[in-house]
Amino acid sequence: MAGKFSTPQPGRGDDIQELDLAIAQARSAAEAAGVDVEKYDAEEHSNVLSTGNGLSSYAFHLENLESAAQATSLEYELNAIDGVEAVVVYSANMVWISALDSVRPDEVQRHLEDAGIRGHLTASSLRRRATRLTKQDPRIRSRRESARERAIMAARRRKEGAGARRRGEARAGEVLHTARELVTAWRLIIAVVFGLPVVAMQMIPSLQFDWWQWVCLALSTVVVGWSAWPFHRAMVAGVRRSMSALDGASSLAILLAYGFSVLSLITTSASDPTWRANTVWLARTWSDPSFEGAIFFDVACGVTILLLFGRLLSRRNQIRTRAVLAVLQPPKNEPITVIRKNKSEKKVISTAEIRRGDDVLLETGMTCPVDGEVISGRGVVDMGPVGGVDRKKELVVGDRIYAGATNHGQTLKVRAYATGSHTRLAAMGRWFTHAAQDENRMAQITNRSAGLLVPWAFAIAVVNFCMWLIFNGSLDAAVATSLSVLAAVGPVALALSAPLALRLGLARAANYGMLLRDSATIHRLSGVDSIIFNRLGTLTRAPMNVVNLTVAHGEHPELVLRVAASLMMESEHAVSKAIVRADRETRDANSGFDTIPVWLETGEVKVNAEGTFVGSIDVPVPPKGKNYKDVVRRDRHELPASPELTDDENVRRVTARVWRPKDLGEVRDPHLASAALSGGSPVVVSWKGKDRGVINVADAFKDDAALAIEELESMGVETLMMSRDMYPVARHLADSIGASTVLAGVVPGKKAKAVRGVHARGHRVAMVGDQDSIGALRVADVGILMGSPSRTEADSADVVLLRDDVMAIPTLINFVRHVRNTVDWNVWLAWAYNAIAITLAVAGVMNPMAATVVMLLSSTVIEWRSSRILRHNYNAATMRHTHTWQGWVERLRSRRERRRRAEQREQFVESARLNATEDGRELQEHITGPGVAGR
């Protein structure tokens, strides 16, 4: 075929004609090879313009689909088409198709017809298909939509006017921060290179030379004009918008120091080339008449250098914070190898294209993009933020793995159960985003408070200037003290005091596997003094098991168990699952030698508010005058099943109940009442008004339950265990782990009432429960949802624990107390610093340079205290109280109590000694007589 092409050569005539000739020859060669060029061009052009290169999905209604086996065969044939993923649902007579845009629906329809199935697109699929076919070039459409949005926004701005825009901005932010992108390392370097010589010459007189002050003017001009420009820009923007700039006071101090120094050089003796400046450590020293002339170039340069250094240091801390928050982001869209459903070949796709049911090959060092189950391989995996504290785990076949986990072992094959926004990592990200939005609202409040501090600082500086000028008469001292006021005020420290610690606290909690709904949850949870544990799902580990079965006289144990299992078949409760599982195991063990019917026909079953199962059921009844033991064979391996219990003629429809007693007096049979206390949680089975048997189910407490309870008690938190069991049973279980109080006999519908009862006694209550206790979580001061990964989005819980260990609760309480303590102390330190610093500046004790250093030191201390939240080991250091002063008060109180007890003990010993001496004297007198005793 290559011989039929003729390559156009230069100089053979018109280039366009030669190119057309080459194209015509190529098309002729393609047609000779059997390629339909016209059809291919039309289809390709249509696909490119209408659908792009992505995936499209549609569904067919199917006719003549006769069996599930035929549906399975059809699904296999459709999946064999290149670029097609099909799911056939026999019960709905439909097939869902996800295919490349190059695969047209009529091709799929032809395959259906070849299989003897008639199919037609659903109405919704036809609408989507029509929309895709009428689409224009995506780039043109995107440009038109962007232009339309810009036109709408421009019209809206013209309608509102510039004043409305400025007012809207002021309402939204209330305060301006210095632009981060303008605060660069180069500005700091220039400020250091040009500004440090100025500071050195003014602080060290021996470095001064003729004309040195004019050199300082030249050097400081660069520093004030270029290096300090970000702070001036923020101040000017704040003035234009009638807002406060957090660095506005510092900017004004820089400009005032520079402007006054220039004016002093022009109008005073400081312009003399031989003039020398003295070292001044206190601002009021300038009031000394011996000081002639004053320039503050060192203040302008020093404040600029220190401000730039402090803001760059803050940016470094913010970068660390963003790095902590970045772990909550979903994995990047990267290539990954998968094996599609019903296909054996491997396929490399992007993580965004993974579907539920795909088998993902997770190689060493890769981050898992899905939630799934390990179906092949074994290795150590870092579970990431979803894993909580103990992140590194060795996973084997059958273990769950979540998005964000990193494989450090051999290649794992993971079957995807959740992808994209449905993963737990994505849910954590959404949860944290919601919490961060709430934290941003608090940040606005603190920014507003900090913004009020700036105009107050201006006012104080003006009043201070006037007072010093009037009562002292020194212009230099008035300017110096005013500069100290402006340089000392620290609105940034106040603005950072609460939001930074709360933001880091929310992020650290998420890394611990504890999702806090908002910052208010931290404040409420830190003040909790009572924690109620719902026993099932929090303190115990699954599954529950039947440990004992006791029946009344003449009853059949297997029948009692089967009746209970039949009524509780549809329940998801742990007790129900244990009884159903025990009945299934008993039935399987007795297969072929059944004493009673394998299945009992059951009518409608209702569950009342107390958790009692009531329903009609067909129960085999023995003949009159006999009981179950009379008709049950002795040796099931030799005798056939008793027809008296398996024949339909001996079956009666009765109303049966499965219930849990709240009090021992509710069980009327003494034998069954004794069995109810034999161990485990008793479940009573009754029908025809008689208690037939008691099933005892039990589960084991988690290994760390007792340690967690002890830890909470040592932290001053009262622990309460809520249980459905009778008080003797619940009290015995609570004593085994050390819980101080028991709420026994609480039925599911009364859990919320029990929580309200504890709250009514003046306690601040946190409720810990699983998804069966949502109502109780909602009424508690703080609801903690535990052991329910499927309810990560639950709106009724304030805290969601992604961990199953009970020690997560004391860790959580200890953590929020540390965060609350950090926040409160930050606020107190910020306000106390500003009050003390401004007072010292007004008194003339603080030099403007020293004021700047102290101001930056206050911000640094607050940032350092907040950053400790990321480094602190909350398992090692337990905080008994939210605030340190509370611990001091308690230690003083306990010290006084110990001193009082020691004094009482000494008094008791002294009294006992005196009494013993008196008794001895009386005894001696009685033996020897008074005279002898006296001699």
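Glycine residues also receive a Cβ, built from the backbone N, Cα and C atoms like all the rest.
Here is what TrEMBL records for this protein:
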TRANSMEM  185-205  transmembrane segment
TRANSMEM  211-231  transmembrane segment
TRANSMEM  252-271  transmembrane segment
TRANSMEM  291-313  transmembrane segment
DOMAIN    337-428  domain 'P-type ATPase A'
TRANSMEM  450-471  transmembrane segment
TRANSMEM  477-502  transmembrane segment
TRANSMEM  825-843  transmembrane segment
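A contact between the transmembrane segment (211-231) and the transmembrane segment (291-313) is present, since 3 or more of their C-beta pairs, 6 or more residues apart, lie under 8 Å. Long-range Cβ contacts of the transmembrane segment (450-471) within its own chain (Cβ-Cβ under 8 Å, at least 6 residues beyond either end) map to 174-175, 243-246, 248-249, 252, 287, 477-479, 481-482, 485-486, 489, 491-492, 494-495, 834, 838, 841-842, 844. By the Cβ criterion (under 8 Å, sequence separation of 6 or more), the transmembrane segment (185-205) is not in contact with the transmembrane segment (477-502), since fewer than 3 such pairs are found. Of the candidate ranges 252-271, 291-313, 477-502, 477-502 has the most C-beta pairs within less than 8 angstroms of the transmembrane segment (825-843). Note on the domain 'P-type ATPase A' (337-428): its mean pLDDT in the predicted model is 84. Only residues 6 or more beyond the boundaries of the transmembrane segment (252-271), in the same chain, are considered here, and those with a CB under 8 A from a CB of the stretch are 213-214, 217, 220-221, 224, 228, 231-232, 235, 277, 292-297, 299-300, 303-304, 458, 479, 482-483, 486-487, 848, 852.
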